[in-house]
Amino acid sequence: MSVSVHETRKSRSSTGSMNISVFHKASHPDCVLAHLNTLRKHCMFTDVTLWAGDRAFPCHRAVLAASSRYFEAMFSHGLRESRDDTVNFQDNLHPEVLELLLDFAYSSRIVINEENAESLLEAGDMLQFHDVRDAAAEFLEKNLSPSNCLGMMVLSDAHQCRRLYEFSCRMSLVHFETVRQSEDFNSLSRDTLLDLISRDELETEDERVVFEAILQWVKHDLEQRKAHLPLLLRNVRLALLPSDCLKNAVSGEALLMADECTKLILDEAFRCKTKILLNDGVVTSPFARPRKAGHTLLILGGQTFMCDKIYQVDHKAKEIIPKADLPSPRKEFSASAIGCKVYVTGGRGSENGVSKDVWVYDTVHEEWSKAAPMLIARFGHGSAELENCLYVVGGHTSLAGIFPASPSVSLKQVEKYDPGDNKWTMVAPMRDGVSNAAVVSAKLKLFVFGGTSIHRDMVSKVQCFDPSENRWTIKAECPQPWRYTAAAVLGSQIFIMGGDTEYTAASAYRFDCETNQWTRIGDMTAKRMSCHAVASGNKLYVVGGYFGTQRCKTLDCYDPTSDTWNCITTVPYSLIPTAFVSTWKHLPA
């Protein structure tokens, strides 16, 4: 039954008044489209015929142009097809797929199933039926499995379906040990393989799996692919191979010794391995950077908000184990990891004095030491590792600081620490000073989300620092103003969780730092203000936080492939988490 609406309005003028009736029939567009479809099926008023294979499809140019930018351009830019009454796709398009797209153009409905989804994605992209392409991609997302995820990576990359690509890539990373044995793996392009093996999220604690996979791929088409071996080898964490495996690779693998570039790479890996075994200083080589599955999760906390202990999370055994005491208990500090070391910066001590101190915890030897102090005493700041250096961002300081500011002012100043020379330097200040912001690094840049401004307002900006240019820019607006949130990174995706308002406390979002686009993901299991998050493997872990008078007592895990949150374990009541970091495990001999 159709519904129509009459609106009566009165318009006054110097000559009197006049009634105006506005009639609106909401179902009119559907009625027109349905009748156009009837006309098409009876070949009435059609002005172009599309051919696919040996089948003809009479259509109306106006409907095609209104449904697809491809046809709009074809019929309006003086192309031959704008004058001809036929368009022949020959065998480039399956007739059944074209028929489905035309039915969609004339009805706004389409049935997608396992048999037609890939073809609809390809044809939807080719003919610029982008809604159909995206709907097919969404269908394929829901039907991803280890048996098809590599094929979906290739398909989505070819047709610019970024979300499907990321989902497919993530599943391939999770199941790498399985998918590398498939025929699809041997058919990957060099760039797709490189994207997989270069990611920290690739789930294996045995780097031999990756090493053997690239040799397998190269040998599958040796003459064409052997030139790619040096580039691929540089993205294997060679220094994490057991010593005997690294030696056997050199002595027993002729393919590796046949190329001078490859030999130089292996020599560099050997030097890095030797440095690790001798514990000879800070190891920052990409060859020694473990995958996230090979990281240890550490919680810093205490019985009050004054942090005095480090705990290790065993998320497989679902245990939280006390590890070491902090030499100097503090609150409102920041903690980040570089390699096997945790850097605890600033904060306030037991007498509320603001500190410049930097304490370093070596997870391999379970020892504390002091690094050079920061240039500015800070609390309520953020920190993140970027290219083996530590960046400290924003926060508050005391009146007696090097850069005087009242405790209520949020700092713009940003410091960089180089562990190699144990020195702090100033880099470009932020566009807007903030405290209590979420700070992470991704894709060789630093990102700062929200925070508290110098006017004590919540900030809704995404500030980004590019160290190659020493410059800050505003990348995007947050979905709402934020502070006291947590952030963690998986590839190019940054996940933001929690906040200090009723609306934000349980919410979670995904920010794509390459497209600067936001996506809402599933809410957390509880409201959390001042929670903390890290990534491990292809999952996120969130701990701590409170809302109102309620403390959050669970360690929760988020799985992006299913968009679900699950409780891993309960945090001991005596532990109030104040920081959460992910460090390298002890490196293999």
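Here the Cβ of each residue, glycine as well, is placed from N, Cα and C on the backbone.
Across the domain 'BTB' (46-114), DSSP classifies residues as 31 helix, 13 strand, 25 coil. Per Swiss-Prot, domain 'BTB' is recorded for 46-114.
Summarising the annotation, Swiss-Prot assigns domain 'BACK' to 149-250.
Long-range Cβ contacts of the repeat 'Kelch 1' (296-340) within its own chain (Cβ-Cβ under 8 Å, at least 6 residues beyond either end) map to 282-284, 288-289, 346-350, 355, 357, 359, 361-364, 366, 368, 379-385, 388-390, 392, 395, 419, 439, 532, 534, 536, 541, 543-544, 555, 557, 568-569, 571-572, 574-587. The feature repeat 'Kelch 1' is assigned by Swiss-Prot to 296-340.
The average per-residue pLDDT of the prediction over the repeat 'Kelch 2' (341-388) is 93, rounded to a whole number. Sequence annotations record features per position, and here Swiss-Prot assigns repeat 'Kelch 2' to 341-388.
Under the heading repeat 'Kelch 3', Swiss-Prot lists 389-444.
Annotation source Swiss-Prot lists repeat 'Kelch 4' at 446-492.
The repeat 'Kelch 5' annotation in Swiss-Prot covers 493-538.
Residues or ranges marked as repeat 'Kelch 6' by Swiss-Prot: 539-585.
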